[in-house]
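Novice: In case it's useful when we look at the structure, here is the feature table from Swiss-Prot:
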- 410-441: compositional bias 'Low complexity' (COMPBIAS)
- 25-210: region 'N-acetylgalactosamine 3-beta-galactosyltransferase' (REGION)
- 410-442: region 'Disordered' (REGION)
- 442-769: region 'Alpha-1,2-fucosyltransferase' (REGION)
- ASP53: site 'Important for Gal-transferase activity' (SITE)
- ASP226: site 'Important for Gal-transferase activity' (SITE)
- ASP509: site 'Important for Gal- and Fuc-transferase activities' (SITE)
- ASP654: site 'Important for Fuc-transferase activity' (SITE)
Amino acid sequence: MNDSPIISVVLPFLIKDNDDKSLNYQGINNLIISIDSIIEQTFKEWELILVDDGSNNEILEQLLSKRYSTDNRIKFIINKENKGIVKSLNDAILNHCSPTSKYIARMDSDDISHPTRLQSQLKYLQSNETIDILGCPIKMFNNNKLIEILNNNNNNNNINNNVKELINIINNEESFKFIQHPDKDILMWSMFFNCCIVHPSVIFKRSIFTIEHCYEENNQFPFIEDYLFWLKSLIMKGLNISNIQSSTPLLYLRKHNNSISFKNIEKQKDSTANASCYYLNILFKRFNIDSEIIQNSSLSMKEIIQFFQLSPSSLSKINNISIELFEFAFKYLELIEKSCTKQQPNYSNSIKDAANEKMGELVSLCLSNYPNNQKSSLLWEKWLSRNPTSQLLSLLSNLNVKSSTTIINNNINNNNNNNNNNNNNNNNNNNNNNNNNNNNNSILNFISGINSNKINTPKSNNNKFKENGIRIICFSKDRAFQLKEYLRTFFKYLKNDDNGNDKFEIIVDVLFTYSNEKFKNSYQLVIESFPQVNFIKEENFTDQLINLVQKTNKLEYVMFSVDDILYYNEFNLKEYCLSLNSEPLALGFYMKLNKNITYCHTCNQDITIPLNSNTISRTENNFKYLKWNRNDNDCKKDWNYPWDLCSTIYRCNDIDSIINGIVKYYGIRNGINHPNRFEFNGNRPIIQKQIYQNKPYCLCLSDHYSPMSVVTINRVQDVYDNPIYDQTLSLDDLDQLLYSNKSLNDEKYKENSLSLNFKSVHIGELFIS
């Protein structure tokens, strides 16, 4: 029994009988799965408040009572009459939460929470104390498709009540959509176009929810009680809202035709546009922003907002968009940007980047529709004057327009010359690429996937001007101890066999960030211990990453790393790069893999070494490596994860092309603004065979052991709560190890590796010395 819960999970439900008066077994089963997903949380200090909002079903009540009555963490509230979602939520939160509860988490009756959802969200809130409301990544799954998969497995009854098995199936189904909404930097900006925080994924501070600030029933804005609460929290209360940025979904959202949101989708869209206009007008008045240009137009604010609510693919299919709509939409974006910047000045740079991206999409479509119109060219000039990033310029240079192409390319080249006077070679390459890409699709086509069969592998800059060597880029957040161990063992086991005649340069960079002053001080200790390393405080991940990889990198190869990697066997980066150089059809050299990797911890299942793998011996010094084709059917999980940040070596020109591919498909803001997203979005277009099918091969060591492992003693984004995590440490625990002068016992890890005890890339054993 938990008498002092920290989190109150509120789950309202209404389950009616089927149309033929039979019991709604599907609805009941979905509810049970939803409840069980909370019971199976790794974080245990919770209470679950179940609100039956007028089901009036004795069989249902008896079933739930029999199944859950012995769990004192679960409370039942039964409304004999249907009160509606707003009154049910307000009553549960204001009147039925335990006094000790500090946070409120939402849950819906047909969704599934990942086992680490509450733990991950609480950890984030405790590390980011200024955040008041927090969402998380979700994966949206179609209920009919899931039932079809279960039926095909011939074990429907066994799986349908098993939370982890269901999550496993949903994660492995590529047709189910992963959704990652923006973080605090641009959440307000994004909120005016569409609701970008998923209600059942939310956890918020209990202290912000009062009689004066709660969910509202508003006839002016029906069916969007959550969206209204977010807007009111942001604009009227000045609260901070964010979403966890991770490639791991923490909530699985079920979509089916019987859901309230599905039945009222058009009304919700209309209410969303009305509410957006209402709160934007509040901001315009608050900051004396002159919106007369919009008010005097033939288009209403609502019409322009509804224009922005359409997806890029939908917009690209509309042939009769007037040039005036493009003009007013651009001006409206300027007003929204100005109001958001006034409301949240700390995020002004991120808001500007997001505005540039949306304006870029608008200008792209305008030029495609009106290639010979002077107003289109003026819009382009206006957007260009905002100094958008070179990546956005590069995308828009690929517009499929006629007479505007020369204007665009000239302006891009002029802008590049003005901003990058020292990069003449790069500008010349860009000019050539721009001239060769006039027939490519626009940014909107890349984003929406239209005509994907016409999308070619992105062109990359030639590596012939790069110098012989490798740049190591390690990412770290709040884990100074693990970063110290990464660097200590990296230099301990790095073999340097330069003979002076064939210099191989190695540069090590660390891009790090921290959430509080304590961790900042810890990083300072690490910085002082490794003067040979370039430490860079993360301020803008996207810009800094591109600067390291593309703008300032002079070396031929790049290896990405994360701070929880530990090296324990000797390794030779030069040999690995030479092996990659000898295999032009290979994408990367994967230091984490070896012939003993036969288990994938993230999906909790055994995997096999690719049957087509061959041991290759280089003639120079008989160095041996393993080579396999990742496109073969038996290449699963770790053996088909081409874009990887765990000590994988890539050619610099391939990295350029993959980054360009990420931006084309997912946008610069959403594509590469975080290490997890950078890795996840890099894999999606490769695995889905949209890019890089001309390099299907992968390389690794031919031995049965690797020089390193990912030591997950403090996990960040893992999918499954496997037994290897029994000794998981908190960030504070790790920091204490740093100040106690402790180290990971790399000799012990080496001993286990040579004994072939490590069958997974990720290991959870904790050996301290």
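Cβ atoms here come from the backbone N, Cα and C positions, even for glycine.
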Novice: I'm trying to understand the geometry here, so how far is the Cα atom of ASP53 (site 'Important for Gal-transferase activity') from the Cα atom of ASP654 (site 'Important for Fuc-transferase activity'), in Å to the nearest whole number?
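Specialist: About 56 Å separates the two Cα atoms.
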Novice: Does ASP226 (site 'Important for Gal-transferase activity') have same-chain partners at least 6 apart in sequence with Cβ under 8 Å from its own Cβ, and which are they?
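Specialist: In sequence order, the residues whose Cβ lies under 8 Å from that of ASP226 (site 'Important for Gal-transferase activity') (at least 6 apart) are CYS195, ILE197, HIS199, VAL202, TYR215.
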Novice: Express the predicted model's confidence over the region 'N-acetylgalactosamine 3-beta-galactosyltransferase' (25-210) as a mean pLDDT, rounded to an integer.
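Specialist: Mean per-residue confidence for the region 'N-acetylgalactosamine 3-beta-galactosyltransferase' (25-210): 93 out of 100.
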Novice: Within 10 Å of the Cβ of ASP509 (site 'Important for Gal- and Fuc-transferase activities'), how many other Cβ atoms are there?
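Specialist: Looking across every protein chain shown, the total is 21.
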Novice: When you measure from the Cβ of ASP53 (site 'Important for Gal-transferase activity'), how many other Cβ atoms are you left with inside 10 Å?
Specialist: 22
Novice: How big is the Cα-to-Cα gap, in Å, between ASP654 (site 'Important for Fuc-transferase activity') and ASP509 (site 'Important for Gal- and Fuc-transferase activities')?
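Specialist: Each residue's Cα considered, ASP654 (site 'Important for Fuc-transferase activity') and ASP509 (site 'Important for Gal- and Fuc-transferase activities') end up 20 Å apart.
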